[in-house]
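As given in TrEMBL:
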type: ACT_SITE; residues: A:E508; note: active site, for hydroxyacyl-coenzyme A dehydrogenase activity
type: DOMAIN; residues: A:361-539; note: domain '3-hydroxyacyl-CoA dehydrogenase NAD binding'
type: DOMAIN; residues: A:542-637; note: domain '3-hydroxyacyl-CoA dehydrogenase C-terminal'
type: SITE; residues: A:E149; note: site 'Important for long-chain enoyl-CoA hydratase activity'
type: SITE; residues: A:E171; note: site 'Important for long-chain enoyl-CoA hydratase activity'
type: SITE; residues: A:H496; note: site 'Important for hydroxyacyl-coenzyme A dehydrogenase activity'
Amino acid sequence: LYYTISYHIISYHIILYYIMHHSMNLDVFRFNVCTRTHVSYEVKDNVAVVRINDPTSKVNTLGRHMQAELVEVINEIWGNSAVKSAVLISSKPGSFIAGADLNMFQACKTAEEVSYLLQAGQKMFEQIEKSPIPFVAAINGSCLGGGLEFAIACQYRIATKSKKTILGTPEVMLGLLPGAGGTQRLPKMVGLPAAFDMMLTGRNIKADKAKKMGLVHQLVEPLGPGLKSAEERTIEYLEEVAVDFAKGLTGKKVTVEKKKGLMQKVQDFVMGLPPVRKQIYKTVHNKVMKQSKGLYPAPLKIIECVQTGIEKGNAAGYLSESENFGKLAMTSVSRALIGLFYGQVACKKNHFGQPEREVKKLAVLGAGLMGAGIAQVTIDKGVATILKDTTEEGLARGQQQVYKGLNDKTKKKSLTTFERDRIMSLLSGQLDYRGFENADMVIEAVFEDLSIKHKVVKEVEAVIPPHCIFATNTSALPIKDIAAASKRPEKLIGMHYFSPVDKMQLLEIITTSKTSKDTTASAVAVGLKQGKVIIVVGDGPGFYTTRCLAPMLAEAVRALQEGVGPKKLDSLTTGFGFPVGAATLADEVGIDVAAHVAEDLGKAFGTRFGGGNVEVLKMMVQKGFKGRKSGKGCYVYGAKSKEKKVNSGAEDILKSFKLTAPPAVSADEDIQYRLVSRFVNEAVLCLQEGILPDPVQGDIGAVFGLGFPPCLGGPFRFVDSYGADKLVQKMKHFEEAYGNQFTPCQLLLDHAKDSSKRFHK
Amino acid sequence: MQIIEHFMSLSLIRTVLLTAFSFCSAARSLSTSVHLQAQAKSKKTLAKPGVKNIVLVDGVRTPFLQSGTTYADLMPHDLARAALQGLLNRTGLPKDAVDYIVYGTVIQEVKTSNVAREAALGAGFSDKTPAHTVTMACISSNQAMTTAVGLIAAGQCDAVVAGGVEFMSDVPIRHSRKMRKTMLSLNKAKTLGARLSLLGSIRLAHLSPELPAVAEFSTAETMGHSADRLAAAFGVSRLEQDEFALRSHTLAKKAQDGGMLSDVISFKVPGRDIVSKDNGIRPATMEQLAKLKPAFIKPHGTVTAANSSFLTDGASAVLIMSEEKALAMGYKPKAYLRDFVYVSQDPKDQLLLGPTYATPKVLEKSGLTLNDIDVFEFHEAFAGQIMANLKAMESDWFAQTYMGRKTKVGAPPMEKFNTWGGSLSLGHPFAATGCRLVTTVAHRLQKEGGQYGLVAACAAGGQGHAMVIEAYPQ
């Protein structure tokens, strides 16, 4: 479907990908490890070089085993009088320490158990902070969560300026907080505002920014290849430099304290005033409440921990931190967010095996918003791409979109102009089928009309080689209907992208009964290369995502007809956790598209997809209220004022289709649950019918594609945590007022009957 | 007045000299043929059937001066003219005997963007001799020479002058893009009102100028920074770099004092004294070198001002001819210019590894091994860069992993390597260095009695060059 969702809210930064599954020895907290496997050290010139390397994983995580070995090694170092300073470094390219071991917390039954674990971590870091010899953290690669907390407990930090080096506290994105001293040390180190920004957004900080913020003391340039590979030599060089600095610290040639500039001094002075601090806590609190609608407890707890530490001292701060972390770990929100994280990791793997041929040349048909977006994310990953349109005007617009997408990155400095030019050189904009004879995959993104799609299938199949895959980007047309025109349906597959393609992470891949496994494997491989989170679903009207959204939008139209204003509707939906309100969403999708989909799916599924009157949407389209793209929809766009105005023309239409709201099901909460239960029921039905292969992909699709509230973890996790029985009860209540649109599906009923049945374990 | 007088006297001297030279040429050509037969060759010649022999007749250069010193008030074409005139003086070449002129430059003076033509006209070459300018960073004059070789090999020319000039005492500093845009619009503005409104749009920020930097356009990294990373990548220590820099200065001093640098011509700088010596040669002590702080990567880098080549003003020129033509004109050539290659690689992490890539390639082309080479002249951009290249050339792993070769080419023995100093000590006017290297190889081959010489150099953009030079039978 074509719409925008404020993606930053639901976009889980790629960094989380690093904190991946890994098997950990959870049974014993072994204090006496005979042969160490994770941590080793050697003494060079009175400097102990401590190297960490988890042999069971691609990244280092702070689990019980790692922690035990670290404690042991550090104690040995302190016991060795020849050691005057220490360097802490990872032997893994691309990962310093990517965070704490999530499994360790998940295995805990109570909040107290979690708090206890954290206190052990806090204690270890406190000892390092107070160490008689200086510790230098030499950072290359991901330094996140517990890894960063470890690093900031050290006396000195050196980081490589590599693109892979990122520092941050992503705990908030998992519904947690930095629980090993992070909430206490960060404000002192980078100042209150920057510390709040880091901890409340969980954003990644690159090395040069970290240096400016005062998070690291020195930067080391990544090296190219020499007598060893670039990666290997860079780590070696980082170690050499770190050892030099460690010696410098012992010999007092290097000082830890940075000279403070005037601005810094002024800021420190201002922050020293209790009323100023109080005002900051209040402002931050209000901002969090406004953005999270109070649905996410972690940010508030972060503020609380910081405040306690600053106002009541270290001991109180550490206690608040470990206790609050324990409490958060037990919340459904944290479970939901962690579930999404694991789900996302699972959806970033190809479960269909290695495709026979790698797609090296891709062609996109149609240079519209979607086509150009698909081309952009493809060339961005180094794949040569043809962008074909039928008119020069359309092509120029599409090429400009790609250029702008890349150029905006250069403005944000995430890409150099040179890199932009190199990437652009992979794009070939054209009006003919030249070069299609060498294409490995064609993705069509032409107008959503079956006869046009058929024409395109025939035209393209006449020019592409036999191995070439034909993918269709449609949001609602059943793939098998499109495949009817194909001579080679086993090579035909659906690839449903979400707009804007370069921002939305989800890709919904749709297979028909005839699609071959290799075709699916290839489509998934391309999607993964484009950086997508992928769900693979069965064919049918609206597949999975569009099918879930349609009943919810139908219910939204009904609510509008019943006199709930667009603004009220928006606040009800965002209040439930949707990042974009239902009325705004309809405008973003396009009222015409919504009408189109509602009508198509209405025909396919009958009265279950009823509710609001499709004529409302059609009338709006007739009057030119097609949503944001036409300047008017539920709201009026164009004026630069922040306050969105309701479109009075749309209100008039709604009045002419006015329905009476049944009082028994029209309270605010009722409206919220009417919208959500139809969404959820349709999702469960998709699982029941086999459109969805599993609940994980259902949750990921709903959250990453449709903006289902992340705090609920997706429709399936929501049923688990809310209770299928309670939901069925509510639906039956609505059913009485409205009929079969609220009839719970069989699978949902099964879960309601047997509370031991859960979608997620 | 004085200057005009001076020029007049100079040209007078030249005329006299030229006449003298042309008297000699007949005698010289005779002696050449005698030598040819008399010499017993220790090694095979690299002459190839069907390929014209192309020779270096002679090469000269102005003294290389640290920028901002005696040349400070000149313009690039002034220096270039001095080198061209010096070549004419040295060779006694009739000006109209030159078919073509190719000249290199890196930092372009916008007023003389085809500096080759401006300098040639000013140096009194015939206005019927075409001239073009080439640019390829630090191998610009190598490019000028190989362009000349190409013109001769293709049968289009018989005598070509090649060279290069760099003038770092003055570089074009531009207005900001915004300011330029406003100024250009100002030209087009028709009414006073339009002009005033354009003038009114100028903000303080528009006035900040754009400075040229010795930085890669593609990576925005300055060359010194890249050199420091390269040295670190190959584990080249600060000590090794300082030792190499000291070696360069010591050998240059010895060569200067011993009168080896005969390619240097005297140049009366208008308004100043006669310059006849390079002024950047300064042998210091290791202690002095060790004191310097790193210039690019701070505080832990290893590249310093003392172990890097310095900003230099200078120009060079060579006369290249087909062997027949040279002999017909009565010259005794100094060397054959044989095979050459250009290479290019990653401009970020292998920016300065040109010699490593170019050396095995050109040797292979000539059917030689490193052991066959008697004289090596490598461009010393940074001591760390040279040391890194030597280590890379000595590594089988590097050759296999990055160059797709079976084995290493090997590092040149130091007793044959840059024994008269190098860019670190003599100076490095970017586009003039190539001719210095080739001329030095020719002179060293003559002095030391060797047969083959190898020139290699790195250049910005991640490019490189190497050329095999064969001594002309004496």
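Positions of Cβ are set from backbone N, Cα and C atoms, glycine also.
A sphere of 10 angstroms centred on the C-beta of A:H496 (site 'Important for hydroxyacyl-coenzyme A dehydrogenase activity') encloses 27 other C-beta atoms.
Looking only at the domain '3-hydroxyacyl-CoA dehydrogenase C-terminal' (A:542-637), the predicted model's pLDDT averages out at 93. Annotation: A:H496 are the recorded sites among A:E149, A:E171, A:H496 whose CA atoms are within 10 angstroms of the CA of A:E508 (active site, for hydroxyacyl-coenzyme A dehydrogenase activity). Secondary structure of the domain '3-hydroxyacyl-CoA dehydrogenase C-terminal' (A:542-637) per DSSP, as helix, strand and coil residue counts: 67 helix, 4 strand, 25 coil. The 10 Å shell around the Cβ of A:E149 (site 'Important for long-chain enoyl-CoA hydratase activity') contains 28 further Cβ atoms across the protein chains shown.
Taking the Cβ of A:E171 (site 'Important for long-chain enoyl-CoA hydratase activity') as reference, residues of its chain lying under 8 Å away and at least six apart in sequence are, in sequence order, A:G145, A:L177, A:P178, A:G179, A:G182, A:M199, A:G202, A:A298.
A:H496 (site 'Important for hydroxyacyl-coenzyme A dehydrogenase activity') sits 41 Å from A:E149 (site 'Important for long-chain enoyl-CoA hydratase activity'), taking the C-alpha atoms as the reference points. A simple way to gauge crowding: the CB of A:E508 (active site, for hydroxyacyl-coenzyme A dehydrogenase activity) has 26 other CB atoms within 10 angstroms, across all the protein chains here.
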